[in-house]
């Protein structure tokens, strides 16, 4: 049998949350924690992978692991991100289904690392070849470049992605990669000019200052000192464990591998951004090739145009600072978009054949900070849309599988967050629409006017809260400041500060600045600001940031709905970015806003577990004799036989077209427990057979070796003997030549005579053979002395043969009798003087025909067991020493004493309470039956009997006790033995002889009681005394 592993084997906790029992938020968190403590960072929710960031390296991503998960069933091995990647890739390659892998989670949860692992796995398992390897290399090398430009250190993550990335990897019909397309969403460009405390600007700025050569820094007019540049955060400019200089050199190499031509001089753009903060216009103009006067005027004046009229206004200090920061942000944002475009040009498919697509979405997770602004609002809106499509596609997938398997579909109740999405994106009353309307209307527009408009339009919405709302239920909520509003997202309530909403949504860059940048001699900068071309002046207001992002999200959702989704939900275990720490409260918060518990409930609404018939039969076939070890029919028929044999209730499972559906996790765990027990039994059986084979093989080898050794030994002995014989023969020949012919004739005559003697001996033995009776001791006399040993051996062999012939004639009853006689011989021969007289007496046992005598009908009815002995004995009364006749009955389990006249049972003693039988070595029939101390029958003391069949009774009592209790009954033969009587605390019973030296056998009438001496005396022939 081929043994396969499964996520059910050697589970730590529960590998699939769908099987968690009972299901609650507490048990969900505890299961994640238990697995995390054992370095099991992946857990399934059906086909969804939950990943917990371990904050340390684990040996689970080696090439050996890649091969282990390659072409394996999703549930065949323990949970892993490779299993989901392999499932998605095989579905794309074999079933021609476009795939998308959605990776979500908050900052620091490991989304970027998860996307890298997915791409590295797909690159490892797809085809080989020079061209294919080049495409794979370009796809993989684009990641470090994008991370340098789009990632930054935050308080939650040292390498946080500050943009959303969606990458379509294109494959041919064989599953080999052809190229890819990257889409980026909402780069956090405000980070270029301002970072929260404890965070850094984008990595690339620190890398260029740390890793660039002195010659490059001189050309860029830069210095290594971070403190010279206010755009760079100083309190966290260094990151533990990160070498910015090494990373810069890596980025330079990866840029060349990704075919990013260095002649574009992206460094000039990055250096210019750093110079903006210090108003170093001379250095900026030298780097960009812009006339300094043009740039100075662009920062000092703003030109407004309306219908061929131009109005120029002077900028105040605040407006100049705003223009500088806006230009820095726009320059970096456009540089990043240009970089993505260049990467797309280098990795795009070169052929026009039909392509299969696998999308990987790595996008910011739901964010709740102390101060939440426009960026968090946009990010959380995106997550609302992703949650909506997640629920829809999950339900759709469940429904499609039930329909495909012909299983009845049950409607599932779930929270639909469409009402929250509508609150944000509705074209008339949505928050984004209100924000755009405020940005476009004439007059004074501030963040406060925007909040007032929200209070008017959204006041009655159940998911919107504001201190200024007309709804009275919020008027007393002092936790909500006046300049904020709160939205009840699917992940919880988030409070947003309206400050900066209008400006960030406008994302306004003065036309004068665009035109100044277009006049640069630097080709890249000129290309980044095409709207500055006077020949292409467009007076139409550019779209707001909110509307652009809304359109991008709509396009993304439309793209995702055309593909088969695969989900990776990333969770951050703690805020300290430390290994081995699991914060229950933090994880619980993420579980709630990711909707994981609701996802489990959706998956379990129908059937908790499903498995193809072939895999189910292969895993559990050992539980049924009909399916073990091989089932010859269809797999479904085998599963039906198996479940019927195990008597599993029919409501606990359903048969689909290709799968068995199990409703309750308890049923699956019951199957697993039965399988585990059965595997232990099979392992024991295999061990037993193996040990038998091993020792038999060893025995046969030893036997063969013994034969070889014996043959060589015999050969040696024969050779030695032949040498001796040869020496004698040679001597004989020598002596023979010296002998006379008379001597030779005499020897020949003697040999002939010896043969005649042997022949005569055996013929006489044939005619003188004794009878076949084993007790016949006659044997013919030995005729010759030299035949003495032969004569004795023949006598022994003949006796054994006739004994066997005699025994073969016995019936089973006779064998039993002789076995009892043999037992009596071993117990009493040469020990009890009475024994020789009993040898010739057959053991009848039932001396009283109780079944035939109507007098004993009552006794017969009272005894249900088979009677082994029924005999009248004389019992010495333990109270007064008098004799009384009693019927002694021995059954399989008890010794019974009954009245001889009435047949009424007087005493009943279990065989287990009989400890010993004592008797003298003389020719008397007295014996004592000793009882276990503390037993019910021992209350009046031991029994003292006299019987004419003592040997038979003691033998049968011994054999019956041994058969029932598996313990040998002690038979004590001594002229003195102790008995216990109720009226005497302890006594010794000695036996004496008559004056003529002959043994006596006292009768019952010879016993009397002597009151004065307080003892029993044996009068007349035997002086029998019991002295206290």
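Don't overthink the numbers, they just go from 1 along the chain as shown.
Every residue gets a Cβ built from N, Cα and C, even glycine.
Per TrEMBL, the features are:
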BINDING   105, 106, 107, 108, 109, 110, 111, 112  ATP binding site
DOMAIN    12-676  domain 'Myosin motor'
DOMAIN    832-1021  domain 'TH1'
REGION    553-575  region 'Actin-binding'
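The Cβ neighbour count for residue 108 (ATP binding site), using a 10 Å radius and every protein chain shown, is 23. In sequence order, 156, 365, 366, 367, 570, 572, 590 make up the list of same-chain residues 6 or more apart from residue 106 (ATP binding site) whose Cβ falls under 8 Å from its Cβ. Each of 53, 157, 160, 365, 570, 572 belongs to the same chain as 105, 106, 107, 108, 109, 110, 111, 112, is absent from that list, and has a C-beta within 8 angstroms of the C-beta centroid marking the ATP site. Within the model, the domain 'TH1' (832-1021) carries an average pLDDT of 76. Summarising the environment of residue 107 (ATP binding site), the number of other Cβ atoms within 10 Å of its Cβ, over all protein chains shown, is 22. For residue 109 (ATP binding site), the same-chain residues that are 6 or more apart in sequence and have a Cβ closer than 8 Å to its Cβ are 51, 53, 365, 570, 571, 572, 590. Counting only same-chain residues at least 6 apart in sequence, those with a Cβ under 8 Å from the Cβ of residue 105 (ATP binding site) are 51, 111, 365, 569, 570, 571, 572, 590, 594. Within 10 Å of the Cβ of residue 112 (ATP binding site) there are 22 other Cβ atoms, across all protein chains.
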